[in-house]
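*Asks:* If you look up TrEMBL, you'll see 204-215 marked as compositional bias 'Acidic residues'. Here TrEMBL flags 227-238 as compositional bias 'Basic and acidic residues'. Taken from TrEMBL, the feature domain 'TFIID subunit TAF5 NTD2' covers 29-157. If you look up TrEMBL, you'll see 204-255 marked as region 'Disordered'. Annotation comment: TrEMBL describes 286-327, 359-392, 401-432, 443-484, 485-518, 527-559 as repeat 'WD'.
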Amino acid sequence: MAFSGPWVGVFVEDQPDVSAVLSAYNQQGDPALYEEYYSGLKHFIECALDCHRAELSQLFYPLFVHMYLELVYNGHENEAKSFFEKFHGDQECYYQDDLRVLSSLTKKEHMRGNETMLDFRTSKFVLRISRDSYQLLKRHLQEKQNNQIWNIVQEHLYIDIFDGMPRSKQQIDAMVGSLAGEAKREANKAKVFFGLLKEPEIELPLDDEDEEGENEEGKPKKKKPKKDSMGSKSKKQDPNAPPQTRIPLPELKDSDKLDKIMNMKEATKRVRLGPDCLPSICFYTFLNAYQGLTAVDITDDSSMIVGGFADSTVRVWSVTPKKLRSVKSAADLSLIDKESDDVLERIMDERTASELKILYGHSGPVYGTSFSPDRNYLLSSSEDGTIRLWSLLTFSCLVGYKGHNYPIWDTQFSPYGYYFISGGHDRVARLWATDHYQPLRIFAGHLADVTSTRFHPNSNYVATGSADRTVRLWDVLNGNCVRIFTGHKGPVHSLAFSPNGRFLATGATDGRVLLWDIGHGLMVGELKGHTDTIYTLRFSRDGEILASGSMDNTVKLWDAVKAFEDLETDDFTTATGHINLPESSQDLLLGTYMSKSTPVTHLHFTRRNLLLAAGAYGPQ
């Protein structure tokens with residue numbers, strides 16, 4: 001686990017010696033009394049009233065870690081070992097991985113290059129506790145003159161005190177579990193423009209076939225106003241939307257306008273989903289994928305599918321009868337009449353037509369792939385530390401972006417194209433533009449690998465999920481972190497924004513899907529049911545259904561409308577920063593669909609709301 005990535009290096013360079021970071025452990029308390037101090041506190045908390053016990057129990061883990069590290073740093077190896085043996089079993093199960101790393105730090109020398117160690121030292125562990133519980137703790141420690149623990153509380157912990165009722169065990173359990181405790185409430189107070197940008201006005205040409213279709217499908221047409229109220233196609237400016245010019249976005253080309261018209265036509269034939277009308281699911285299984293499938297993406301119009309593989313290849317398939325073709329050579333292009341109506345068809349070389357194109361260039365497994373919205377480009381990110389931009393007209397590599405020095409776990413194009421985001425083992429996410437070889441923004445703040453990245457539908461924000469078990473929302477304009485969401489108990493591998501931009505769904509190795517209200521910065525739901533890592537999440541086109549795909553070989557469908565409709569705003573306004581989550585998520589589960597032995601790597605709703613799923617078959 002120990003590596004001296006650039007992020008760790010920053011600390012080492014800024015402070016002439018890591019010992020500056022560690023010197024805080026120089027408190028020469030009597031090592032023999034550490035067990036007694038901890039046992040005393042444990043006894044006090046266990047005997048406290050129920051309402052305070054749950055909140056004060058949050059102290060066990062950070063105090064345990066800091067007391068152990070203090071013993072190790074001051075050379076009391078045997079006492080440290082005994083302390084660890086005696087109390088590590090009391091910690092919550094979701095800290096097991098951290099404790100495993102901790103148990104390997106048994107000498108002062110081990111502490112110098114260890115990333116987990118430095119994280120713990122440089123970021124204060126955040127606990128959210130009601131004022132009553134905090135006063136109780138303070139009084140106890142001062143009466144006992146238990147300075148050792150009081151010093152650690154003051155030096156290494158950040159206690160976010162709120163007025164009001166103490167939280168219940170269930171409320172606390174939903175929110176804790178990340179490397180640095182919970183987020184401070186202040187971290188989620190900044191204003192976020194979560195609304196959608198106004199759609200450009202494009203006249204929809206009606207042909208005869210459409211007019212007939214309208215009469216036949218009169219009913220779905222009447223339901224359309226609901227979509228307008230969500231703001232996605234409304235002519236009015238969404239009050240929560242950012243100004244149109246807040247960040248520069250590429251201008252629409254004629255081909256983009258044609259695509260938008262196609263999209264709008266498809267939308268008129270879209271199936272309205274709901275508990276009584278679930279989507280059909282079409283599963284693309286990669287058979288005999290002995291190269292090791294590591295990433296999948298599907299174009300917005302569902303015409304192409306790409307797979308990233310562990311053998312460092314990127315493979316693009318056409319999933320329509322139309323084959324993939326490259327543009328003709330320069331000599332052949334000069335013979336074409338540029339004015340003809342079908343010039344776009346004529347420039348394609350029929351001799352190159354095939355269902356599959358293989359792109360070579362990476363020198364390590366490909367962990368992330370993303371098509372551009374206009375389907376002319378493809379991004380791939382790899383263990384080799386580069387992101388490559390491929391042309392889907394020539395099926396060749398146009399640019400290699402170098403900036404991460406370590407594996408890049410994910411990359412994604414902005415919904416408007418031009419910008420893209422990447423996240424990797426160096427703990428930062430980078431924002432790029434296709435025509436710049438250097439990143440435009442570097443989003444630093446996660447304490448471990450950035451494992452997943454997603455653009456907000458309005459392209460002004462990006463969300464990142466990390467192995468530090470938190471999700472952060474970043475402002476593209478200034479690079480600031482505007483939201484920190486804690487609650488997952490394992491690395492976060494999937495993110496999905498609702499189509500209206502108000503909500504975010506996140507999935508992790510803990511098998512839970514958490515739902516977040518972006519505007520208020522609060523967790524508003526917890527969907528339990530998967531038994532393994534959730535690798536992919538996707539909302540249906542109008543946001544009625546959330547689909548989740550997991551390593552447990554299942555796709556689950558959840559009622560997103562119901563999950564978000566019962567939010568009581570009185571709860572939001574309480575200063576405590578938490579709401580009561582419903583006890584059971586089973587009434588939100590609309591269906592579970594099992595594959596024989598195929599983990600679900602990717603999900604995609606077509607423009608008509610057919611659900612496409614993809615994964616590589618793994619024999620049992």
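Placed from the backbone N, Cα and C atoms, the Cβ positions cover glycine too.
Since we're looking at a predicted model, the values are computed, not measured.
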*Asks:* For the repeat 'WD' (443-484), give me same-chain residues lying six or more residues beyond its boundaries with a C-beta closer than 8 angstroms to one of its C-beta atoms, as numbers and ranges.
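*Replies:* For the repeat 'WD' (443-484), the list is 7, 115, 119, 123, 177-180, 183-184, 187-188, 190, 192-197, 241-242, 246-247, 249, 368, 409-416, 419, 421-425, 427-431, 490-497, 499-501, 504, 506, 508, 516, 518, 521.
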*Asks:* For the repeat 'WD' (401-432), what are the DSSP-based totals of helix, strand and coil residues?
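*Replies:* Its residues fall into 0 helix, 19 strand, 13 coil.
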*Asks:* Apart from its near flanks, which chain residues at least 6 from the ends of the repeat 'WD' (527-559) lie with a Cβ under 8 angstroms of it?
*Replies:* 226-227, 230, 267, 270, 272-275, 278-279, 281, 490, 493-500, 505-509, 511-515, 585-586, 588-605, 607, 609, 611, 613, 615
*Asks:* State the residues, same chain only, that lie 6 or more residues beyond the ends of the repeat 'WD' (359-392) and have a CB under 8 A from a CB inside it; answer 'none' if no residue qualifies.
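*Replies:* Distal contacts: 253, 255-256, 259, 292, 294-301, 303-304, 306-316, 324, 398-402, 404-413, 415-417, 420, 422, 424, 432, 434, 453.
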*Asks:* With DSSP, how much of the repeat 'WD' (527-559) is helix, how much strand and how much coil, in residues?
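*Replies:* Looking at the repeat 'WD' (527-559) with DSSP, the answer is 0 helix, 20 strand, 13 coil.
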*Asks:* Excluding the flanking five residues on each side, which residues at least 6 beyond the ends of the repeat 'WD' (286-327) place their CB within less than 8 Å of a CB in that stretch?
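*Replies:* Distal contacts: 259, 262-263, 333, 347-350, 352-371, 373, 375, 378, 380, 382, 384, 388, 390, 392-395, 601-602, 604, 606-607, 610, 612, 614-617.
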*Asks:* Per DSSP, how many helix, strand and coil residues does the repeat 'WD' (286-327) have?
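*Replies:* In the repeat 'WD' (286-327), the DSSP-based counts are 0 helix, 22 strand, 20 coil.
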*Asks:* In the domain 'TFIID subunit TAF5 NTD2' (29-157), how many residues does DSSP assign to helix, to strand and to coil?
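*Replies:* So the domain 'TFIID subunit TAF5 NTD2' (29-157) is made up of 100 helix, 7 strand, 22 coil.
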